[in-house]
Each structure stands twice: as structure tokens, then as C-alpha cells.
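Participant: Just lifted these from Swiss-Prot, have a look:
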TRANSMEM  8-28  transmembrane segment
CARBOHYD  Asn150  N-linked glycosylation site
CARBOHYD  Asn226  N-linked glycosylation site
CARBOHYD  Asn232  N-linked glycosylation site
Amino acid sequence: MALRGWRLFGLAGTILVYIGGILFLSFVSLQSPQQKRNHARGYGEFETLRNRDLGLLGKKPPLQWCTELRYMDSPPPSPKAYKLLQTFPVNDGHQKSSNGRELTALVSFPGSGNTWLRYLLQQSTGILTGSVYKDYGLLKSGFPAENVANSSVLVVKTHEWGPQAWAPYGKAILLVRDPEKAILAEFNRQSGGHVGFASPDRYRRTKGRYWTQFVKNKLWAWEQTNLSWAKNFTGDVKLVFYDDLVENVEGTLRSILKFLNFPVNDELLACALMRKEGIYRRKKRILQFDPYSPAMHTAIDEKRSEVYAALGRFRSH
């Protein structure tokens, strides 16, 4: 009798395991195609970005700095340090400087490498850079002085132009990038963030009308940003071409620091060069099509030639 009871118990257990297995397999097989596509998307064009910029569990790895970041009027860190430090929060209660130092704008059309240059300047000086904007993504990822626009920071990021935009500044660094590449970078930023990319179907939205109007509007803004600061701003202007920065990071940084009257620390500069890529420079991605129409290319070529000639840059590309 006892033996029969054990057999019934074992049979019942087997049936329960069998039913549980069927339910599990049914749940897996009913997963929607969209969910499966989302799960597998990392193996496509975004895989490199995801692996490079995101750590375990999809979180960004902490930025590493060559020394502690500080405001201009804060005491320097102890001499021990040019070891690599992780991003740290800056005290929000810090009393901003009123030291009378001339405020310097770091100006560019969006998509011209402003964030990357800010990163390089922070690495090579240990001094925070500010901004007229408050980008929460940057605020949490290495730029704790976002929305600080006074002389407590090394430079202040802006994309604005005109008398009101110029008024606070005594000097300006004007970062200029080829409009074809800058417009594309800005389109990618609006679609995919500071280091992401626009998907190909974004260019074809509304049968291409959105992209066509975007190029027209941004080409005009590119011209206005660069010419207004170069020709109408009454303070000293340091022209920096993005291509020159890419080709000669050290020389360009040295010339910028000289313009800022900021002493070069060779150890920090060497560390900055070692870590020059950071996470704020969008990696190249080769599109399988040309997003610019022949008419767009013609308009861009004409405007590039006009602006570059006005800036004293006489090569066409």
C-alpha cells in the first residue's frame, strides 16, 4: 500500500514538471517579434557604440580624469596626483568667482566638436568648463559646471550669436567645422544623443522633406554663427578649425591655452593626449548612401567657400 502511494506521488510530480515545462516554452515562443528585434539590435550598427560607451547592465562607465576638476578660484589638488580619477560631484554650494578675469566663450555651431574640446580642456588643465545651457546628460557625465557662465570656469560653451550673446564675454574661441560634417553630426545628435547616430529611415521621414528643410536651416545657422562672431564680436577671437584639432591635438591645445593665458602643465597635457578620445567624440560610421542631394552639395559648397574665405581659410574642404 505504501509502495503504491509513493508511485502515485512520483507520477504526480512528473506531471507537474511536464506541465511547467510546457508553460515555460509557450511563454518564450509567444514573445513578440518586436521584443526579439530589440534584444538583438546590439549586433547591428550600434554594437560598437554600445560596447564602447556602455558598461555592464547598459550603464556608462565613469569618466576618468587626469586630476581632480576644480573651479578657477579653488585651491589646486595636492601634488601627488596625476593619477587617473573617476568623475566626482562638484560641491553645488561653491561660491562662484568674482575675480574679474575676462570671461571667454567657447563658440561653435552645434555638431562642431564643442563638447569634445571642453573634455580636452578639462583633461589638460583640471579646470571646469561651463555652459549657457543645462544639458543633464553632460551634467551627470563629466561636466558638473553645466549652466555655470561666469569667470569661475575656464570657458563657457555657447551656440548663440548676436549682441546679447556677445555681451558677457571679453574673448572668444570660435570652433569651426566643415558644414557638411557639422550638419550631419547635429542631425545625429538630435536623433541619437551626443555619441549616437540617426537611423537611415530618419533621412527619409516625410519623403525627405524634413531632412531637406533641416539642411537648409542649419546651413544658414552655420553661416550666421561663424561670421557673426568672427566679424562683429569686438573682443579677441581665437579661430580653431576642427580638422586642425583632429590632426594636431597637442599643438592646438597649446595655442588655445596660450590664448587663455593659462600655463601649460606638461604632465596633464600628456595625460590628456593619452586619453584624447574620451567618450564625447562620435566615432565614424560609413553610411551606405549619400544623405545629401546634388542640390544640397552645391549649396553647401558655395556657403563653405564664402565663409572660409571670410575667415581666411582658403581651401575648399
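Glycine residues also receive a Cβ, built from the backbone N, Cα and C atoms like all the rest.
Mind running through what each feature is packed against?
Facilitator: DSSP assigns Asn150 (N-linked glycosylation site) to coil in the three-state reduction, placing it in neither a helix nor a strand.
The local packing around Asn226 (N-linked glycosylation site), expressed as other Cβ atoms within 10 Å of its Cβ over all shown chains, amounts to 26. The secondary structure of Asn226 (N-linked glycosylation site), as reduced to three states from DSSP, is helical.
DSSP assigns Asn232 (N-linked glycosylation site) to a helix. Spatially close to Asn232 (N-linked glycosylation site) yet at least six residues away along the chain are Trp166, judged by Cβ distances under 8 angstroms.
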Participant: Just the number: how many Å between the Cα atoms of Asn226 (N-linked glycosylation site) and Asn150 (N-linked glycosylation site)?
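Facilitator: Asn150 (N-linked glycosylation site) has its Cα 23 Å from the Cα of Asn226 (N-linked glycosylation site).
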